[in-house]
Amino acid sequence: MTIDHSVTNTEQLEQQNPAIKTKLKLKKLKDQVIVITGASSGIGLVTARMAAEKGAKVVAAARNEEALKELTDELKEKGHDAIWVKADVGKEEDVNRIAETAISTFGRFDTWVNNAAVSTFGHAMDVTVEDMKRMFDTNFWGPVYGTRAAVKHYTGRGVPGALINVGSLFGDRGTVIQSTYASAKFALHGWTESIRMELEKEQAPVSVTLIHPGRIDTPYNEHAHSYLDKQPAHYRSMIYPPEAVAEAILFAAEHPKRDMYIGSQAKAIAMLGALFPRLTDRLMEKIMYHSQHAERPSNPREESALYDAGCGMHDRGTNKGWMRSRSYYTKATKRPIVSAAVVAGLVAWAAAKRCR
């Protein structure tokens, strides 16, 4: 066999399988089947509705069967294609069943969104190891199982697909009171970066995106397992709508993106933590204790969504802060030149603060 040495390894791979490109080309949403975990409330619920409005076929997964039925009925009444799968993402067999149901119904899926998550509020030494392990089942192992199912499907078909993991600003920077949540998100961020590099090295047809939300107005705090006397809440802080996260997720479903930050707050904290770690420690020690709870008594721990499904079909929480209607930073990141200018501005601001 004659080898054309003028052709690179990447080009040879592309010739063998035209679907594999150095820059993957993802389908338009109107031509996609999208799997969304944690779809019964908050970010997942808003993303499912928005994806359906853009023409995607939706596979909604969560533990709350009643909410899933209500959601899919709502979408079908509007003329959209949607199915639901009751699943606990902390169980690998349930995650595999989500993939199998999507494939048996629609023949494939094109985007997989690992969104399901829950939090525990309390001082690190107060939270039981049992509760910590349960949170990792949902927040870390769930995305791992989802990643494996998605990558297996995309590589098996040889057609590009998107894997989108929803992280957190606390996956870039630890915080007080939510130590276990931050640890699970740190693990998810490390997993996402590692699997991305391996897949890129293998020229696998998978776009891997990590979403970094700031504080979002969802029932996240109402679902939390709380050891605090006062109710967890986004309090006295900048709060973004779940639509801003959904827009970022769906943008990444069509356009390969490495990272997307929701809110300049999320990006600024990540940068400050990397550039000035001790200063950031001090700032967060001073601010975060008081900005993560409201003044009312905490909900009973048994009402949390850590072990059982939380209330469904609610996209907003009961947070009190500076509500933003959108994230201008997220919109800017869709345009690389504008994004670079914003980042440069943040760096200059951080440097100026240091010099004072």
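A Cβ is built for glycine as well, from the same backbone N, Cα and C atoms used for every other residue.
According to Swiss-Prot, the protein carries these features:
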- Tyr181: active site, proton acceptor (ACT_SITE)
- Thr37, Gly38, Ala39, Ser40, Ser41, Gly42, Ile43, Gly44: NADP(+) binding site (BINDING)
- Ser168: substrate binding site (BINDING)
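Here the features listed in Swiss-Prot are placed on the structure.
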residue : record                       : DSSP (3 states)
Thr37   : NADP(+) binding site         : strand
Gly42   : NADP(+) binding site         : helix
Ser168  : substrate binding site       : coil
Tyr181  : active site, proton acceptor : helix
Cα of Gly38 (NADP(+) binding site) to Cα of the residue listed as 'active site, proton acceptor', in Å and rounded, measures 16
Not counting Thr37, Gly38, Ala39, Ser40, Ser41, Gly42, Ile43, Gly44, residues with a CB within 8 A of the CB centroid of the NADP(+) site are Ile36, Leu45, Thr47, Ala48, Ala62, Asn115, Ala116
Round to the nearest Å and give the CA-to-CA distance linking Ile43 (NADP(+) binding site) with Ser168 (substrate binding site).
12
So what sits near Ser40 (NADP(+) binding site) in its own chain, CB-to-CB under 8 Å and at least six residues off in sequence?
Ala60, Ala62, Arg63, Asn64, Ala67, Leu68, Leu71, Ala309, Gly310, Gly312, Met313
Just the number: how many Å between the Cα atoms of the residue listed as 'substrate binding site' and Gly44 (NADP(+) binding site)?
14
